[in-house]
Amino acid sequence: MQRPIKGKTPRRPANKRANNVEKDPVGVYCRIRPLGAEDEECCVEMISSSTIQLHAPDGLKANRNGEYKETQYTFKKVFGINTSQRELFEDVAKPLVEDLIQCKNGLLFTYGVTGSGKTFTMTGSPGEGGLLPRSLDMIFNSIGPFQAKRFVFKPDDKNGMEIQGQVDALLERQKRDSQQSVPKTPSSRQKADPEFADMIHSEEACKCDIMDEDCCYSVFVSYIEVYNNYIYDLLEDVQFDPIRPKWVAGGTPVRNNEFIPPQSKILREDQNHNMYVAGCTEVEVKSTEEAFEVFWKGQKKRRIANTQLNRESSRSHSVFTVKLAQAPLDADGDHILQDKNQVNVSQLCLVDLAGSERTNRTRAQGSRLREAGNINQSLMTLRTCIEVLRENQMCGTSKMVPYRDSKVTHLFKNYFDGEGKVRMVVCVNPKADDYEETMLVMRFAEMTQEVEVARPVDRPICGLAAGRRHRNQAFRDELTYRLEERGGPINADDPIVLGQVIESLPALPSCELMDPADDQTLPRLIEALEKRHCVRQIMSERLNKTANTLRSILQQLDGQLDAKETFLHDQRSKLGEKEKTISSQKLEIERLEKKSKTLEYKVDILQKTTEMYEQDKRSLQQELETREQRLQKELTDRRRIEHRMQGMVTDANVKWEKECVRRVNAKQMELQNKLWMKDEKLKQLKAIVTESSSSSRVGGCPTERPEKPERPSRDRDHNINQKRSASPPPLPTALPVHPLHRRSHSAGGEKWVDHKPPCNLDLDTVLQPIIPNAIKVSTPSEKALSKCQKYVLRHQELASDGEIETKLIKGNVFKTRGGGQAVQFVDIETLKQECPTAPSRKRRSGSNDGPDQMEDLENKAPLPGQSTSHVYQKRRKP
């Protein structure tokens, strides 16, 4: 059978709120828990009923002025270490419960560091019930006489409620009782769990004074947790299945020691654009004990672990939702009005957020580390949403608030958009170890107070007259009284009433027949019965007449009562209008007073901030002036030193110029003297040679006297120098040399790890080290070292003469006791690259040149800009 195709449901447009909607700031309260030990250092001090002060611990680093900075934070109210759970409930949660009964939503959540007392504040302990059990107790104390029967209200699985008739509700109860597999609603007759039986004392019970008696109420509760950004139903009953894994006490399924996450829920949006958890279990409860039992059933499944900071640390965000469904009675005040549009559903969400923590303090690992990361991420998303809301409201921007980044913020986005009041209790642990985390929590709380949420509007009620339940009860009481005056109600089954009726009838004669011919007994009996029949008819006529008379009287009374009720209704409507005007004026006055106080508080803060800034400004100005003076002094000293150094440099330049001129002149004179001495020796040698040749000649002419040698002129020396300074012939072109590889000493049979860093340069030199059987790596690894017995590291560095020097650092590889590899360096081999044409600093020991060449080289003056590799030996004067 083919199913009919359904069209998509059109999305209803969101209700645009007017700009003149009244707003209230988020109420932020602070609660300080006692210290664990008396000798423990404390960093939080309660100054007043609304202000606390944070002191930096002794181990914290001081600020730039050498002082510890103390900061103050103001809240709506601060609760000290001696505050009882009842006092906290009276100021924080009781107004939200009253708004819940008045068809207004509410959100209350606890926030703080791990171990600051959030779960104790929300849940409490035996004898000291927290906000959650006291809120439930107040709800049932208020609506106790006006509760509807079970299953009259029924959830429609779309975040709404339906109304069933009395017959359907009875059938539903019978059906639930007959089905053993379906989880039953806990009964109030069962004995309460001793863990929460004595949480609230009878003298601490409270109730709401403002109740609409013309309505019927019913309470539904649900309990979920957000774990690792997944939503899980804590009230869901899992049926036994031998194939699927079993659930342990902590709510975690185990199969073959392997973690299997349970089925998570998803978020949906209803027709009124409110977020809700689809498929979440909603249990109808009729008493405080039943609600406690349901809560404790889910609490046992909640994920709790032992960490370094808290013995029972919550590893998830828990949300306990209380839904209150109420519907008006009909005009007779006897039955619930069968109109779904007249059903009002309000809810109060009590949220216990998991505490933020640092992994370096908790030393979390594995799943604990993942849990802590998800907790911190969700809290950071909440902080980001608050920051964007604050910026949009204060700066007039329209940035998108990232509600969808976390399941917690996505679930409660309607509250911040104006679907109810929002309250936050900041729990603080005053010990010094939590100082930095506490300061972050304080900053977040201070920022949250500046966010304003639209005030919820009153829900419209039906147009029926008020006091219907009371009028119906009064009518029943009056009717009972009238019937009792007239002989009481007629009940055929009552033997007393039958006896009175029989006694009022004529007595019957004796009916005993002794003789068959007796003709008097039967006629007397017939006559008596006829008289009784007549009396009965007369009594019936009187009864009908009295009933008609009473009916007419009741109709007259009803008419008069309707007229009076109409008049009272008119007067009440006028009175209601006046009261609304007065209440609106009172609210306006309260709002203005709160705004005035807020502005005064902001003015005080701004004044304090201004004073702090002025002090910082003065200190900075003084520091700036001191530094300017120091800078001027340093500049003056620098100029003086520069002038002094310039004079010294000038004197040194002049001195060295003179010295250079003197040395040049001396060197020139010395060279000229050497040349002159050589010329003199040559002339003497020439003269000796000439004289010897002339004496051996026979009959020769007399020997001429040698002339006195003359000192050569400077022009001659200059010409000789010019002739000697001619450029030498060009060197022959070098033949190409084939590069030969140098075989390293490491060419053994062992395996080597050749570690060549990527920063080394490739040198195209003749000799290059070659290492066979080597694993070349740029970064040494344990895997490479485990395969080899030797290790060599190529290290390059710049030598003093500007050339590159390569060092081969060698070592042996051996295994350590821990299973690793270690290297012991045993040898360093150095390879240096030099240029053969570069000048050498060392003096040569000898030369292959002849004496003439040596003399020529000695006498040859070096050209400017030309370098030589020879070192001239200094000759002595003869």
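Backbone N, Cα and C atoms are what each Cβ position is placed from, and that goes for glycine too.
Caution: TrEMBL annotation is automatic and unverified by curators.
What TrEMBL lists as ATP binding site is G112, V113, T114, G115, S116, G117, K118, T119. The Cβ of G112 (ATP binding site) has K118, G355, V426, C427, V428, N429, V441 as same-chain neighbours under 8 Å, each 6 or more residues away in sequence.
Taken from TrEMBL, the feature coiled coil covers 575-637.
Summarising the annotation, TrEMBL assigns compositional bias 'Basic residues' to 1-15.
According to TrEMBL, the compositional bias 'Polar residues' annotation covers 179-189.
The feature compositional bias 'Basic and acidic residues' is assigned by TrEMBL to 704-720.
What TrEMBL lists as domain 'Kinesin motor' is 25-451.
Annotation comment: TrEMBL describes 1-20 (among others) as region 'Disordered'.
As annotated by TrEMBL, region 'Disordered' applies to 172-194 (among others).
The region 'Disordered' annotation in TrEMBL covers 689-755 (among others).
Marked as region 'Disordered' by TrEMBL: 833-878 (among others).
Residue density at G115 (ATP binding site): 23 other Cβ atoms are found within 10 A of its Cβ, drawing on all protein chains shown.
Same-chain residues at least 6 positions away in sequence with a Cβ under 8 Å from that of S116 (ATP binding site) are, in sequence order, R33, G355, C427, V428, N429, D434. All chains included, 23 other C-beta atoms sit within 10 angstroms of the C-beta of T114 (ATP binding site). Non-local contacts of G117 (ATP binding site) by the CB criterion (under 8 A, 6+ apart in sequence, same chain) comprise R31, R33, C427, N429. T119 (ATP binding site) is surrounded by 25 other CB atoms, counting those within 10 A of its CB over all protein chains shown.
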